[in-house]
């Protein structure tokens with residue numbers, strides 16, 4: 001116990017309207033309940049909104065923690081988050097605690113937790129929930145003056161600190177990276193722990209042993225001198241059985257396992273234990289300016305990706321740790337709108353790095369291995385897929401309507417090549433899903449969501465970055481909205497898409513879908529009439545494949561009547577746009 005180093009926990013929240021206080025406080029409480037010496041654990045909450053409601057809620061969280069933390073230690077509770085704990089039937093490790101004392105204490109703690117939630121709900125109702133962009137700094141150690149951090153049973157609990165950094169409308173604040181760097185400076189003056197755990201406000205500690213697991217790597221004599229951080233996967237408790245939105249991001253985490261073969265995985269924004277020394281800007285393994293890029297790096301809204309890129313360039317390595325029992329659990333967006341907004345934000349950040357002097361293809365190869373640079377480049381440039389995908393969803397379809405053949409005839413040897421490329425790519429995707437113990441529907445869900453993101457988020461992110469480069473707009477950071485209504489949750493659990501998204505996203509998707517349906521019907525009719533199967537088979541297959549894969553869009557536009565359907569006005573506008581394209585292709589064929 002004495003040999004264990006101290007750890008600072010950084011939790012960031014930005015908007016109480018989008019990040020419910022009860023969920024944020026559950027993350028705080030779960031961090032306080034980590035299985036780690038309390039005198040070596042310090043929890044810092046960054047409130048970028050400067051909200052009085054959040055400030056008062058964290059005081060209530062502290063009071064409840066004085067009951068919850070000792071209870072967890074006494075009975076070796078395996079779930080650190082109270083909300084998650086009381087939703088399960090866990091009674092203790094392997095159910096060994098069944099004494100009357102335990103049952104009575106658990107009942108009392110559950111009662112006090114319900115009271116805590118009621119108080120927080122009342123605070124939210126009574127206070128004006130606003131996001132301040134102009135306020136002085138606030139730093140306060142949350143404590144009771146009477147007990148100095150020691151509860152009634154004389155048990156210590158970790159230090160808890162509330163931080164609201166100064167904000168002024170005329171000063172740039174660098175989004176989450178700026179908030180984390182403020183926590184770095186504040187914690188350096190208070191606890192200055194050599195290791196830091198970073199958590200999103202909705203990513204609570206599930207298994208309280210994560211700190212000890214991470215320290216096994218940081219204490220390894222061979223790894224420790226060059227190990228920058230240990231990254232845990234992000235796992236989510238609210239994913240439905242079919243995972244229609246690809247919320248688990250299976251393909252991303254499988255890449256992290258592969259990256260362990262190089263210098264290690266990329267920082268993922270949350271769920272990582274990082275060495276403070278790595279963030280101080282020193283270059284112990286490379287030559288260069290030791291004072292450059294201190295802390296979490298700016299220039300991009302994906303501060304995690306850019307920071308880890310710099311760390312790997314300086315010679316630090318990382319480790320991916322994926323235990324069978326999840327150490328952290330969070331909440332993934334379930335509405336299409338929030339998913340596309342989140343992906344757009346990430347894509348903007350990747351484009352910002354790709355177009356900077358830190359481009360992985362230029363800056364990386366001189367400072368890390370070429371394969372590692374290519375891995376970073378994959379994230380920075382893969383958003384450009386939207387160009388080829390738009391061409392694939394437009395050109396073959398318009399040419400099919402016009403009767404213009406683009407692909408090899410069935411009798412041509414090249415037909416085998418085209419078929420092989422398509423089938424091998426799809427079968428490889430299916431094999432990857434199976435190899436990670438997922439059903440075949442994972443393939444269709446991932447294909448569908450990748451196309452939706454490419455045709456919307458990737459495109460508009462590119463436009464935003466170009467406008468930013470020309471000074472027409474400024475970089476923005478839109479927190480993901482974690483507030484959902486009961487109807488949204490019910491639809492999601494039933495495996496039904498929620499298409500309540502702005503026209504900016506839905507019109508391109510619906511227009512292209514209608515165009516594909518129309519091109520297949522018109523093209524197939526022409527093929528039956530002219531009997532040109534040999535020439536037009538591939539061209540007819542492409543819109544058919546798109547139509548079947550994105551059938552939920554047709555349901556949303558035509559068959560569904562619930563609140564989550566596609567808006568009739570969007571369906572009408574999309575139909576008009578599609579008719580214009582079809583008419584243009586028909587005129588080309590006529591002349």
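Numbers here mean position along the shown chain, with the first residue as 1.
Placement of Cβ uses the backbone N, Cα and C atoms for every residue, glycine included.
Fair warning: this is a prediction, and the values are worked out from it, not measured in the lab.
Annotation comment: TrEMBL describes 18, 19, 48 as UDP-alpha-D-glucose binding site. Feature annotation from TrEMBL assigns Mn(2+) binding site to 176, 200. Sequence annotations record features per position, and here TrEMBL assigns transmembrane segment to 503-524, 536-554, 566-588.
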When the Cα-Cα distance from residue 200 (Mn(2+) binding site) is computed for each of the binding-site residues 18, 19, 48, which gives the smallest value?
19
Cα of residue 48 (UDP-alpha-D-glucose binding site) to Cα of residue 176 (Mn(2+) binding site): how many Å, rounded?
9
Check the binding-site residues 18, 176 for other C-beta atoms within 10 angstroms of each C-beta and report the one with the most.
176
With the cut-off at Cβ under 8 Å and a gap of six or more residues from its ends, the chain residues touching the transmembrane segment (566-588) are 394, 397-399, 401-402, 499, 503, 506-507, 510-511, 513-515, 518-519, 522, 553, 556-558, 560
Count the other Cβ atoms sitting within 10 Å of the Cβ of residue 200 (Mn(2+) binding site), across every protein chain shown.
24
Which residues, in sequence order, are found in the same chain with Cβ within 8 Å of the centroid defined by the Cβ atoms of 18, 19, 48 at the UDP-alpha-D-glucose site, excluding those residues themselves?
13, 14, 15, 16, 17, 49, 131, 201, 479
Compile a sequence-ordered list of residues in the same chain as residue 19 (UDP-alpha-D-glucose binding site), six or more apart from it, whose Cβ lies below 8 A from its Cβ; state 'none' when nothing qualifies.
13, 201, 202, 479, 482
How many other Cβ atoms sit within 10 Å of the Cβ of residue 48 (UDP-alpha-D-glucose binding site)?
25
Could you give the maximum C-alpha to C-alpha distance in Å for the residues 18, 19, 48 that bind UDP-alpha-D-glucose per the record?
13
Where residue 176 (Mn(2+) binding site) and residue 18 (UDP-alpha-D-glucose binding site) are concerned, what is their Cα separation in Å, rounded?
15
